[in-house]
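Peer 1: Below you will find the structure I want to go over with you.
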Amino acid sequence: MRLDPRLGGAAALRLLLAAHVVAAFEPITVGIAIGAASALTGYLSYKDLYCRFAECCRSERPLNASALKQDLEEKLFGQHLATEVILKALTGFKNNKNPKKPLTLSLHGWAGTGKNFVSQIVAENLHPKGLKSNFVHLFVSTLHFPHEQHIKLYQDQLQKWIRGNVSACAGSVFIFDEMDKLHPGVIDAIKPFLDYYEQIDGVSYRKAIFIFLSNAGGDLITKTALDFWRAGRKREDIQLKDLEAVLSVGVFNNKHSGLWHSGLIDRNLIDYFIPFLPLEYRHVKMCVRAEMRARGSAIDEDVVTRVAEEMTFFPKDEKIYSDKGCKTVQSRLDFY
């Protein structure tokens, strides 16, 4: 007797959902149910069918470099260095079938310059659910590691958490926010995972990605940007070589940095120190327009100007850079 294809699809879905309910208790049942569903539909493999209804780790999934480039260029303002370095670093890493170590990026700059936004863009381009993905893990220093007296406990928990998640998905992404507020020593617990080891206790970490976000080094970045401006040079002339070395040394010697005297820097395990430049008035206006578009509102240039002019700028005499970047644009726009 020939099954109605529509009936087969419905039956497959019911079996899959039933399997999902018992997955935590009877893994064999999951295999039987999904296998039966696959037989009913006639063309889907176990993994293909399961991944239609649940998020799957696709470590070998190629990076759409064009989509990432478009996201960075259209959504990130005033950060030519970050756009260029992140695009090249991720593309090169994902195209390498056998990387020698995990990709480790350290993003630095004042609040509101786009560090968190970039980590969100990167996450979304690596895993479709972005920050909501089961394979993207966000740690906030003041939330997850608040007490200095518990550093050893945090180190142990961090190692177990990373080991477990990389075991489940080799292409896991780990984001550490507020690194400048992290107690020194905590992050060194993950040093073995970032090193050039093929495996540690049977687990390979080479396809994972680690991203650190920090305000530390913001003063060094601003000084360089100001030096260029005062010399009559464009901010777009600033190159990574103008900042990366001084940034890594400055962060290493900064007692208010989670990377203070860190083995991650000492062992050269951070692949790129990426500077986020302070934002100018024109960049703040770009942020206002982008927020209006995100809300589905028509662009009102009068409102754009008023919101931008409400921001405060520094240095005191030149007033070139927004002291909060674009951080308060959303709340200020609520008044209009």
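Positions of Cβ are set from backbone N, Cα and C atoms, glycine also.
Any TrEMBL annotation is an automated prediction that lacks curation.
According to TrEMBL, the protein carries these features:
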type	residues	note
BINDING	GLY109, TRP110, ALA111, GLY112, THR113, GLY114, LYS115, ASN116	ATP binding site
DOMAIN	279-336	domain 'Torsin-1A C-terminal'
SIGNAL	1-24	signal peptide
Peer 1: For the recorded ATP site formed by GLY109, TRP110, ALA111, GLY112, THR113, GLY114, LYS115, ASN116, name the remaining residues of the chain with Cβ within 8 Å of the site's Cβ center, in chain order.
Peer 2: PHE117, ASN215, PHE276, GLY325, LYS327
Peer 1: Name the residue among the binding-site residues THR113, ASN116 whose Cβ has the smallest number of other Cβ atoms within 10 Å.
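Peer 2: If we count Cβ atoms within 10 Å for the binding-site residues THR113, ASN116, the smallest count is at ASN116.
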Peer 1: Within 10 Å of the Cβ of TRP110 (ATP binding site), how many other Cβ atoms are there?
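Peer 2: Result for TRP110 (ATP binding site): 22 neighbouring Cβ atoms inside 10 Å.
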Peer 1: Pick the one among the binding-site residues GLY109, GLY112, GLY114 whose Cβ has the fewest other Cβ atoms within 10 Å in this structure.
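Peer 2: GLY112, out of the binding-site residues GLY109, GLY112, GLY114, has the fewest neighbouring Cβ atoms within 10 Å.
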Peer 1: In the structure shown, which of the binding-site residues ALA111, LYS115 has the fewest Cβ neighbours within 10 Å?
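Peer 2: With the binding-site residues ALA111, LYS115, fewest surrounding Cβ atoms within 10 Å: ALA111.
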Peer 1: If you average pLDDT over the domain 'Torsin-1A C-terminal' (279-336), what do you get?
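Peer 2: Over the domain 'Torsin-1A C-terminal' (279-336), the predicted model scores a mean pLDDT of 95.
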